[in-house]
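Pulled from TrEMBL:
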type: REGION; residues: 1-88; note: region 'Disordered'
type: COMPBIAS; residues: 25-36; note: compositional bias 'Low complexity'
type: COMPBIAS; residues: 47-68; note: compositional bias 'Polar residues'
type: REGION; residues: 113-173; note: region 'Disordered'
type: COMPBIAS; residues: 113-123; note: compositional bias 'Polar residues'
type: COMPBIAS; residues: 154-165; note: compositional bias 'Basic and acidic residues'
type: REPEAT; residues: 207-242; note: repeat 'WD'
type: REPEAT; residues: 253-294; note: repeat 'WD'
type: REPEAT; residues: 446-475; note: repeat 'WD'
type: REPEAT; residues: 476-509; note: repeat 'WD'
């Protein structure tokens with residue numbers, strides 16, 4: 001019969017008579033310690049044969065009945081005592097559901113010095129004081145087999161202590177708190193209509209945390225959460241910024257193994273759809289960083305767009321003659337749109353989502369048809385491929401917020417205006433020119449009131465055009481390298497975000 005590993009102390013009289021014993025009787029001290037103190041023995045670090053004794057003895061709780069074990073330290077206590085680096089390997093957990101019991105080398109030295117005291121010293125128990133509450137009751141004996149099973153089980157984490165690195169997301173210290181707040185600067189504008197857009201003049205925030213070129217930026221579409229700015233970069237990361245109040249990075253997602261070419265907010269503002277040169281599609285939860293939807297594509301992705309009315313459907317295109325429509329609920333491809341092209345540069349849904357446009361690289365010396373193609377979303381049939389006849393590719397498309405027109409950015413260093421209704425004729429009277437594209441995927445966008453048209457430029461400048469007259473109102477020297485995107489804030493008038501090929505993001509007002 002093997003003896004129990006835990007000793008029980010049911011009598012309080014021994015602890016009282018212990019203080020009145022004659023201090024010279026060393027044998028009486030050892031007997032009292034062995035009978036009334038629970039000994040937990042560990043091998044001291046650095047010595048294989050010497051044992052150290054960490055003592056736990058029952059104390060009376062004034063607030064609750066029963067006894068409690070004294071001598072447990074929170075993990076923070078040992079993190080602060082950095083006198084030796086041998087502490088952490090000698091921390092042992094009891095079993096699942098109980099607090100971890102850690103024995104440090106410092107405690108070993110204290111107990112050793114206590115056991116070697118002279119016989120004339122007064123026998124006292126060393127009580128390790130703890131700032132945390134003591135455990136109620138006495139621990140029962142746990143069989144060895146059960147202890148091994150519990151130790152092999154992974155430790156359960158509380159929801160507020162989840163490890164974000166498992167999902168490739170790094171959270172800022174204040175990221176969880178500020179991502180769902182309503183900015184004090186945005187609140188006054190939520191109940192009123194958008195005012196007249198003014199051209200921004202001064203720099204507010206400079207955000208250079210991306211280590212590679214920034215391909216795309218987008219404000220959160222939810223008006224109450226529109227302080228958040230999304231950015232996708234060639235450094236394989238996606239970042240969410242507080243671009244209104246602090247200019248700080250709230251979250252960083254590293255779910256891609258290649259450059260992230262396109263990223264889009266969902267209509268609810270809680271998810272981010274991204275695609276890149278690793279041919280992967282990811283739908284990421286903004287708060288947790290978990291991938292709600294992931295799929296391997298057959299081609300590298302360069303363009304993504306959510307359906308304007310069906311929030312669970314999106315379209316992706318890239319280095320392939322095919323454009324695919326996906327359903328997030330089933331993780332399957334709904335439709336495939338095939339064209340005799342090599343690459344899709346951009347995708348634009350027309351109002352109500354019944355039709356959409358794709359810009360391609362189908363430009364030859366004699367013909368420029370198929371540069372912009374109109375598709376029927378339901379039937380996957382081509383509506384027209386004779387929209388733009390000039391021999392320039394169109395890296396980006398944008399829709400006017402109020403009128404039934406759209407603009408195509410061209411590599412001819414100008415923007416062309418088209419009708420958004422069949423047969424999608426070009427407006428030959430208006431041409432927005434003066435900036436430079438020179439092969440970069442320079443984006444363009446209308447202001448929320450539709451009065452201004454803003455575009456980046458390969459020389460790092462931002463150009464503001466009057467939509468009605470097509471004249472340049474002002475230029476802004478924003479970056480040293482190519483400015484690939486410039487977008488107005490959906491709520492705050494005259495607030496502008498720009499990004500460059502150098503990995504910089506700037507906020508202007």
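A Cβ is built for glycine as well, from the same backbone N, Cα and C atoms used for every other residue.
By the Cβ criterion (under 8 Å, sequence separation of 6 or more), the repeat 'WD' (253-294) is not in contact with the repeat 'WD' (446-475), since fewer than 3 such pairs are found. Residue counts for the repeat 'WD' (476-509) under DSSP, helix first, then strand, then coil, are 0 helix, 17 strand, 17 coil. Residues in the repeat 'WD' (253-294) partition by DSSP class (helix H, G, I; strand E, B; coil) as 0 helix, 23 strand, 19 coil. Using DSSP to sort the residues of the repeat 'WD' (446-475) gives these counts of helix, strand and coil: 0 helix, 15 strand, 15 coil.
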